[in-house]
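Q: Following this message is one structure expressed as structure tokens.
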Amino acid sequence: MKMKIAIVTACPSGVANSIIAAGLLQQASKTLGWEAYIECHSTVIAGHTLSEEEINKADLVILAANGKIDMQRFVGKKVYQSPITACTSDPVGYLKQAAEQATELSSEQATRCDSPATASVSAKKIVAITACPTGVAHTFMAAEALEAEATRQGHQIKVETRGSVGAKNQLTEQEIAAADLVIIAADIDVPLDRFNGKKLYKTSTGLTLKKTAQELSNAFAQAKTFSSSANSATNEKAEEKKGVYKHLMTGVSHMLPVVVAGGLIIALSFVFGIEAFKEEGTLAAALMQIGGGSAFALMIPVLAGYIAFSIADRPGLAPGLIGGMLASSTGAGFLGGIVAGFLAGYSAKFIADKVQLPQSMAALKPILIIPFIASLFTGLVMIYVVGGPMSSIMSGMTSFLNNMGSTNAILLGIVLGAMMCFDLGGPVNKAAYTFGVGLLASQTYAPMAAIMAAGMVPALGMGLATFIAKDKFEAGEREAGKASFVLGLCFISEGAIPFAAKDPMRVIPACMVGGAVTGALSMLFGAKLMAPHGGLFVLLIPNAISPVLLYLVAIAVGTAITGFGYAMLKKSAQAKAVAA
């Protein structure tokens with residue numbers, strides 16, 4: 001029996017998008033052999049309004065619209081809604097997706113969509129900031145998700161991204177002043193002073209990306225007026241419970257560029273020979289001095305400094321840097337740097353909150369008193385309490401990692417590989433990544449190699465799965481698979497998130513098995529990686545990865561396991577027929 005569909009297209013101007021979408025969907029319905037009744041909201045052509053008879057005949061109602069649509073007439077029908085732009089790239093695939101994902105519209109849902117409260121919400125102006133530790137994938141994917149969902153609901157939105165290249169699409173004072181709502185989707189510390197007096201909602205990039213509609217709804221319901229100087233103790237305690245991870249990730253995000261630059265410059269020095277840097281006055285020696293003697297020397301102080309900065313703002317930076325330098329000089333390594341950062345940050349915050357000075361001396365507090373007392377406290381604790389034990393732990397860990405047998409190496413590779421694929425850029429993934437980056441300062445390069453190789457597997461595997469099992473994926477998913485494969489080559493695990501969000505019970509296990517195998521093989525082959533990011537493009541730097549061929553084999557094997565594994569696990573009932 002021929003499928004009958006009712007289609008409504010609408011865009012704010014009622015000119016181009018609405019007419020183009022109507023034409024594309026009409027042609028696509030003919031291609032599929034479906035009968036379509038189309039209502040095109042336009043300001044330049046006389047539009048047809050769906051009759052009651054046409055709506056009753058329709059098996060499915062599709063609303064490709066940016067704006068408010070009268071929903072009451074569709075109560076009891078299977079309805080699919082999307083932004084108008086979603087239907088233009090692949091209209092046939094869009095119609096198939098609509099047929100699969102449409103849900104019955106209840107009277108309550110229709111009333112909610114048409115109510116004055118909802119109409120007022122649809123006119124809201126939103127400003128947002130997204131930021132993640134590495135500033136590569138989650139930052140921009142979360143921004144795109146927010147923009148798409150807000151546009152779908154009829155809101156005006158502007159998102160400032162704080163990525164690895166700095167702040168882009170920056171919010172102006174006028175835009176902030178005009179905003180009805182501020183959304184902060186960040187996994188690191190973001191300055192909020194400019195949002196004083198605004199309704200503000202905080203969330204993570206992961207939740208924003210995976211549950212965009214829910215988080216947008218939560219933002220309207222749970223946003224509270226922000227005041228940088230008058231936050232309640234309850235709010236501060238609630239923030240602090242989830243703040244430790246955010247403080248750590250702030251330190252890691254600022255440390256990463258230093259480590260990447262240093263690691264690649266060290267790798268360049270090896271072009272002239274593995275031990276060429278020992279000859280003074282040579283270019284190799286200069287490169288080693290820049291990368292190893294300077295960049296890597298700054299790694300732990302920067303980590304500790306920005307952990308403290310995240311906790312106590314600028315007054316925490318100096319004691320954090322000093323504590324980090326002491327951690328480095330005492331051999332406490334990155335673990336000592338983490339401890340130093342939290343010591344410095346919380347001691348500086350305690351002094352700022354508890355020490356009260358006369359108004360005439362208040363200006364001395366952030367410049368003199370806090371840095372002096374917090375640095376003294378942090379330094380003494382690092383030297384007399386923390387330094388020794390942490391140094392012993394780091395020495396033991398480094399010695400174990402450098403001298404462990406193949407069995408232990410494989411086990412470590414399995415654990416690190418599985419962790420990298422467990423939550424695709426989440427806390428477990430970042431814990432494994434931070435562990436590998438921290439060991440670079442101790443000239444331990446094998447775990448970092450296993451971590452990056454395993455981290456590439458999920459996105460590469462999903463790309464492979466969409467290629468070898470095309471009939472099980474709709475057109476949009478196949479396009480996402482191509483993008484995922486490219487992201488995987490760049491060591492951006494988040495390319496697999498769209499697949500994991502739809503089918504987590506199959507995607508995550510397939511990724512973890514592939515990642516664990518890749519991590520194990522990388523450790524077994526003795527692969528070493530000098531830089532903690534860049535994916536296969538690091539191969540352009542001689543000696544940045546060794547041995548290259550075996551490293552590529554490890555990645556290829558894990559990718560094949562994940563790709564073929566997911567292709568087999570994906571239920572045939574989920575298959576998307578290519579033909580109508």
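Cβ coordinates come from backbone N, Cα and C, glycine included.
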Q: Which of these ranges is annotated transmembrane segment in Swiss-Prot: 112-132, 322-342, 343-363?
A: 322-342
Q: Let's check the environment of CYS132 (active site, phosphocysteine intermediate): how many other CB atoms sit within 10 Å of its CB?
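A: For CYS132 (active site, phosphocysteine intermediate), the 10 Å Cβ neighbour count is 29.
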Q: Where, among 292-312, 367-387, 537-557, do we find the most CB pairs under 8 A to the transmembrane segment (448-468)?
A: 537-557
Q: Work out, from DSSP, the number of helix, strand and coil residues along the domain 'PTS EIIB type-2 1' (3-100).
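A: Taking each residue of the domain 'PTS EIIB type-2 1' (3-100) in turn, the totals are 40 helix, 24 strand, 34 coil.
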Q: What residues elsewhere in the chain lie close to the transmembrane segment (537-557), defined as a C-beta under 8 angstroms and at least 6 residues from its ends?
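A: Residues packing against the transmembrane segment (537-557) from afar: 263-264, 267-268, 270-271, 274, 449, 453, 456-457, 460, 489-490, 517-518, 521-522, 525-531.
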Q: Taking the transmembrane segment (408-428) as the reference, which of 254-274, 292-312, 480-500, 507-527 gives the largest number of Cβ pairs under 8 angstroms?
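A: Out of the listed stretches, 507-527 contacts the transmembrane segment (408-428) most.
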Q: Counting Cβ pairs under 8 Å to the transmembrane segment (480-500), which of 254-274, 367-387, 507-527 comes out on top?
A: 507-527
